Amino acid sequence: MEDPRTEVIQAWYMDESDEDQRLPHHREPKEYVSFDRLNEIGVLSWRLDADNYETDEELKKIRAERGYTYVDFCDLCPERMPNYEQKIKNFFEEHLHTDEEIRYCVDGSGYFDVRDENEKWIRVWVKKGGMIVLPAGMYHRFTLDTNNYIKAMRLFVGEPVWTPYNRPHDELPARKEYLDTFIKKAGTHAVNAAA
């Protein structure tokens, strides 16, 4: 049976083109990335009921288990976001945070780009109903797709700290912990798989 997440989250390796960042940027041939592979580098994902997010028991359970106490919403589109062009440019600058980045797409869609253990970009397309967690210390960036709209629920443990640390910030404890927890394991796994 197909994983229900595939309807709202898809991931693939990106090409090297510097064309419009809102395009899919598939490699030729296309090279999709599995949820297991995303898990290996620390990216968690769920498919939730975006039409009923206020009462969704699954979301309540995830929030309780992971300690997400803070919630707000980010409406990202040219009509609603002051300084839209600058904001989109800032979000697409490669950066990390010292806390998890939790985003639940309740409407629209967008791309979260993350790096694998070999520094290759993986594009994660999140659509309505998709929720992802990027671990603290993981370099990433965000852009809208060609629909130019996403409404995302932002979740956080405790008081939110949205500070982005643009690359390079390899000296931060969160970065070192991320490398130790995920990248060294992913590298070992890749070596063992090739053997």
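Each Cβ is built from the backbone N, Cα and C atoms, and glycine gets one as well.
Please treat TrEMBL annotations as automatic predictions, because they have not gone through curation.
Record features, source TrEMBL:
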| type | residues | note |
| --- | --- | --- |
| BINDING | H95, H97, E101, H140 | Fe(2+) binding site |
| BINDING | H95, H97, E101, H140 | Ni(2+) binding site |
Number of other Cβ atoms within 10 Å of the Cβ of H95 (Fe(2+) binding site) across all protein chains: 19
Env. residues of Ni(2+) site, Cβ within 8 Å of mean position of H95, H97, E101, H140 Cβ: L96, L134, M138, Y139, R141, P164
Neighbour tally for E101 (Fe(2+) binding site), based on other Cβ positions within 10 Å of its Cβ: 21
Cβ neighbours within the same chain of H97 (Fe(2+) binding site) - under 8 Å, at least six residues apart: L134, A136, G137, V161, W162, T163, P164, Y165, A174
Cβ neighbour count within 10 Å of H140 (Fe(2+) binding site): 22
